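Asker: Features from TrEMBL:
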DOMAIN    B:8-95  domain 'FeoB cytosolic helical'
TRANSMEM  B:188-207  transmembrane segment
DOMAIN    B:192-285  domain 'Nucleoside transporter/FeoB GTPase Gate'
TRANSMEM  B:227-250  transmembrane segment
TRANSMEM  B:262-285  transmembrane segment
TRANSMEM  B:291-313  transmembrane segment
DOMAIN    B:292-342  domain 'Ferrous iron transport protein B C-terminal'
TRANSMEM  B:345-363  transmembrane segment
DOMAIN    B:347-449  domain 'Nucleoside transporter/FeoB GTPase Gate'
TRANSMEM  B:422-443  transmembrane segment
TRANSMEM  B:450-473  transmembrane segment
Amino acid sequence: MNALQKPLAINLINMKTGEKGIVAYFNTNDEAIIKKLMAMGVIPGLPIALEQRFPTYVIKIGRTRAAVDREIAQTIYVRLTANK
Amino acid sequence: MSINKVKYPEQIEKAISEIEKLLTIDYKLTKRSVALLLLQKDEALLREIAQKEPSYEKILEVITETEKHFTEPISYIIASVRQETAFKVEREALKEEGSEKASITEILHKLTVNPITGIPIMLLILYYGVYKFVGVFGAGTLVDLIETFFEKNINPVVNQVTAQVIPWKVLQDLIANDYGIITLGIRYAVAIVLPVVTTFFLMFSILEDSGYLPRLSLLVDRAFKAIGLSGRAVIPMVLGFGCDTMATMVTRTLETNRERIIATLLLALAIPCSAQLGVILGLLSNNPGALLIWSGFMIFVFLLVGFLTAQLLPGKRAGFYMEIPPLRIPKVKNVLTKTYVRMKWYFIEILPLFILASVLIWLGKLTGLFDLIIRALEPVMLWLGLPKEAAQVFLFGFFRRDYGAAGMFDLYQRGILAGRQLVVAAITLTLFIPCIAQFSMMLKERGTKVTLAMTAFIFPFAFLMGYLVNFLLTALGVNF
């Protein structure tokens, strides 16, 4: 990907319901969390959409749907893509 | 090698071949796979090579050296490369027509996870699935049916045969009569536990296969965090209303030891199992006010103790993450197979505990130990405002829930236990360690130290709360 086209990554918890993007990186040193996320398919480079914020964050990554709590959601950074 | 071999970045490939050369023993995997697992710091494998590989230090060096080339953990890079490869394969193989439409399953998914519609749906499922089907049908109708069968057809035969074959009364009592291994232990397991567990596992397998359980966890996660648990713990908690012993066993599935301890304590303290629920609802159903006070108080204790334990226990809070599978209509065959396998496995675990209970009651009566305990409990009962006859109910209820129930009913019908005392007895009995089977399961799952600590808390706490409720109700002049 061309670096100039890359918008800034935002934290998953700052996304609005229905917004889509690409997983950019994880902001945590806790390798256990990274392992859990990757086991569920949350891997940098994959398309991600935020479906619900309350009571738990519901995300869709590729064809997989997952629920994560706020602490884990906070570690995920997403580059938003244009909607639709 | 196969054409689909995943190609990793140069530095990783180099590390792989270096590690491959250093490996000497057979791991039943290709050396490449072993090297990749080591680069991802697979704990089990690292432990194994530390013991078995002569060049263990050298391998570790290669791993640390490789890590220096990347800003991210190697496991993360390996996963990304694999993902890319998988995508490439998918693009080549899959042709998609049209876009995803809002299908019925999508609509159902939205309804079950949105709190506004999801919470009423959750309550409906718990009411009909757990309370009505397991509690009323399984623990009520079916238990009565099988119990009557045992009492009419099996116990008399066993008693008669034992009386003829074994000349000693003491040994007869071990096998037959009121507390025998067959007439109590096995009867209890077959007549009381089996129907409850069967209906429960049936319901549970349906919920599991439909994909509903992760949605339930998702809904309650936030509330459960307040009491030191995560959404994952909803499964053992719901199971507890069926059978606390089984639920204690299922706490194995929780992620942290801290969460397992909190869940075990709450199950022992505040979640009444279906046998207890049956008794209590039976006793209090004529008094809606009493029922309300009992249930309100139990919810209060559940939340308070959970909250306090979460504050006091050291350790990391449990994180919540769960894959949400699509909703599906369960396949009958799968549900039946699962129910059958689980029942078999559960029965093998629990049957010895019931036999043990029979032996203990036999010993307790034989040695006069029970009489001693009952006499020691009598002043406690008076202190709670209960008649001293309730002591026996508490002690025997621990070994044999149906006896505790029958004893309570008996006292109630004879007019010894009335009004306010019913609420006090119900609350104290619910908080008390439910039964010997659960106690043994706690020992097995949590170990002696933790179990004894919990018991040391629960016993005085149950009586203290009973005292407090009696005191408050008396002071406020509440009676039923």
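Just so you know, the numbers here start at 1 and follow the chain as drawn.
Any Cβ shown, glycine's included, is placed from N, Cα and C.
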Asker: Which sequence positions outside the transmembrane segment (B:188-207), separated from its termini by at least 6 residues, show Cβ-Cβ distances below 8 Å to it?
Answerer: 125, 129-130, 133-134, 137-139, 142-143, 146-147, 149-150, 213, 216, 239, 242-243, 246, 274-275, 330, 334-335, 338-339, 342-343, 346-347, 350-351, 354, 357, 400-402
Asker: Tell me the residue counts in helix, strand and coil for the domain 'Nucleoside transporter/FeoB GTPase Gate' (B:192-285), as DSSP assigns them.
Answerer: 78 helix, 0 strand, 16 coil
Asker: Can you count helix, strand and coil residues in the domain 'Nucleoside transporter/FeoB GTPase Gate' (B:347-449) using DSSP?
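Answerer: Its residues fall into 84 helix, 0 strand, 19 coil.
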Asker: Would the transmembrane segment (B:291-313) and the transmembrane segment (B:262-285) count as touching if the test is at least 3 Cβ pairs under 8 Å, pairs 6 or more apart?
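Answerer: Contact confirmed: at least 3 Cβ pairs fall under 8 Å.
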Asker: Taking contact to mean 3 or more CB pairs closer than 8 A (sequence separation of 6 or more), are the transmembrane segment (B:227-250) and the transmembrane segment (B:345-363) in contact?
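Answerer: Counting Cβ pairs under 8 Å, at least 3, so yes.
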Asker: Give me the stretch from B:345-363, B:422-443, B:450-473 with the greatest number of Cβ pairs under 8 Å to the transmembrane segment (B:262-285).
Answerer: B:422-443
Asker: Same-chain Cβ contacts of the transmembrane segment (B:450-473) under 8 Å, 6 or more residues past its ends?
Answerer: 261, 264-265, 268-269, 293, 297, 301, 380, 383-386, 420-421, 423-425, 427-428, 431-433, 439, 442-443, 479
